[in-house]
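Just below is one structure, and these are the notes that go with it.
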Amino acid sequence: MAIESMDTRDEEAPLVVDVSGGETPKSRTRDVHILSCAFLLIFLAYGAAQNLETTINSEGNLGTVSLGILYVSFAFFSLFASLVVRVLGSKNAVVLGTTGYWLYIAANLKPTWYTMVPVSLYMGFAASIIWVGEGTYLTSIARSHAIDTGLHEGTVIGNFNGEFWAVFALHQFVGNLITLAVLPKGTEGSTGSTSLLFIVFLCSMTLGTILMCFICKTNDKEKVSEDSSVSFCSAVASRLNSVILPLLDMRMLLVIPLIAYSGLQQAFVWASYTKDIVNPTLGEAGVGGTMAVYGAFDAICSLVAGRLTSGLRSITVIVCGGAFFQALILLWLLLKYSATSGVLGVIYPLLMAAFLGIGDGVLNTQLSALLALLFKHDTEGAFAQLKVWQSSAIAVVFFLSPVVTLQTMVEIMVGAISVSLVSFLFLTLKVEKAFSSHQVTNM
């Protein structure tokens, strides 16, 4: 249970085997650009569809229940995702993962319990491998890039994650603008317009999948022994063990509350904020515009936060700053906010969207960088933990939102952000203390 020392500020890059497969620094930066744009094309469709899901599939709560099932499935399959990614390789994993999102959008062309539920279950699997694959791929090429260029590893990881999450965050902005264009005010319930929107989304996803195929492979594919004495069941048991073992590491236990909060705050925006704050004042037509503001600030903050990341100390400062912005909004909702009319009735939801987007951008970039720095020897396992706890928290919100009030949900969020910050700050103090002790010992 002891916390290992970690030098996040050492100017010398750690000894890591180059797994780049012969890539050059220029090709790696190109791969970051391609990966980012491919995820943008895929998730602008899925993100906008998710925002509309509870509205267009409201009969029998089909939309809400399907999203809840999706994220429960996501959490379950994340336990095995690192095994799948190691066997397939991170590039193949992200390409295969796109199929779940494509099928989910296609199912919305004829949304029934017989189409949405099975596809939601499969998409949980697809989401688990696409996100573990993305985190593994980006960390792998960042480390190789740092070695070849002589740059600090933490800085490169921060820059690569900053670019990826900045471009990715634009999916809310672009996707919701497309929604506004295809579903103008007063046509939200039109079957023809809705079908056209999902056809446009399918085209975007197809283009994103094709683009994903152009990233270069890394040599992170697990070497499977030809000796039949090592069975697949043994491999599964080994990977499950690698998922459980991080829970014996104090560092992982201390970062889990922050991971869970990152999922809670995302689902809070998708489920409670749009339904209970935006819709009553701006109507359904205003949801797209407000979420576009959220996505724009999310993207800007992701890029800035990534550029400022250099190690554990910078991550600590940036996370605290993002949490401060979100805490302001939560306390405002808890203590004084009430829906108003006129100009302020429009400004307040947009201001909240901006501040919530800033916090989300911080958590996306900094959690990825933090896990990459703390768990260098088991990147797949660390990112699997990220998705297990994040998706579990999201599922909880989707199942709770129909049965609890906004006030209760905000109280849960305030408690979650408080616990996660205390745990995160304790982690940083312990790691810094371990680093200082290690330095004194070596003197």
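Cβ atoms are placed via backbone N, Cα and C, with glycine included.
Predicted automatically and left uncurated, TrEMBL annotations should be read as such.
Through the fold, the transmembrane segment (32-49) approaches residues 94, 98, 101, 104-105, 108, 134, 137-138, 141, 160, 163-164, 166-168, 170-172, 174-176, 178-179, 198, 200-202, 204-205, 207-209, 211-212, 214-215, 288, 291, 295 of its own chain, all at least 6 residues removed from its boundaries and within a Cβ separation under 8 Å. The transmembrane segment annotation in TrEMBL covers 32-49 (among others).
Marked as transmembrane segment by TrEMBL: 61-85 (among others).
TrEMBL lists 92-107 (among others) with the feature transmembrane segment. Sequence-distant contacts of the transmembrane segment (92-107) (same chain, six or more residues past either end, CB-CB distance under 8 Å): 35, 42-43, 45-46, 49, 70, 84-85, 115-116, 119-120, 122-134, 136-137, 198, 201-202, 205-206, 208-209, 212-213, 217, 221.
Within its own chain, the transmembrane segment (113-133) is flanked in space by residues 57, 60, 62, 66-67, 69-78, 80-82, 84-85, 88, 90-94, 96-101, 103-104, 106-107, 380, 383-384, 386-387, 391, which lie at least six positions past its ends and keep a Cβ under 8 Å from the stretch. Under the heading transmembrane segment, TrEMBL lists 113-133 (among others).
The transmembrane segment annotation in TrEMBL covers 164-183 (among others).
Long-range contacts of the transmembrane segment (195-216) within the same chain: residues 21, 23, 27, 31, 34-35, 37-42, 44-46, 48-49, 91, 94-95, 98-99, 101-102, 105-106, 108-109, 137, 178-179, 182-183, each at least 6 residues beyond the stretch ends and with a Cβ under 8 Å from a Cβ of the stretch. Positions annotated as transmembrane segment by TrEMBL: 195-216 (among others).
According to TrEMBL, the feature transmembrane segment maps to 252-273 (among others).
Summarising the annotation, TrEMBL assigns transmembrane segment to 317-335 (among others). Panel annotation: around the transmembrane segment (317-335), residues 258, 265, 277, 301, 305, 308-309, 352, 355-356, 358-363, 365-366, 406-407, 410-411, 413-414, 417, 420-421, 424-425 of the same chain, lying at least six beyond its termini, place a Cβ under 8 Å from a Cβ of the stretch.
The annotation transmembrane segment is assigned in TrEMBL to 347-374 (among others). Sequence-remote contacts of a segment are chain residues at least 6 beyond its ends whose Cβ falls under 8 Å from one of its Cβ atoms, and for the transmembrane segment (347-374) they are 6, 8, 135, 138-139, 142, 153-154, 157-158, 161-162, 165-166, 168-169, 172, 251, 255, 258-259, 261-262, 265-266, 269, 273, 277-278, 281-282, 286, 290-291, 293-302, 305-306, 309, 311-312, 315, 318-319, 321-323, 325-326, 328-329, 332-333, 337, 340, 382-383, 385-386, 431.
Residues 251, 254-258, 260-261, 264-265, 268, 312-313, 315-316, 319-320, 323, 326-327, 330-331, 334 of the same chain sit 6 or more residues outside the transmembrane segment (412-429) yet have a Cβ under 8 Å from a Cβ within it. Residues annotated as transmembrane segment in TrEMBL: 412-429 (among others).
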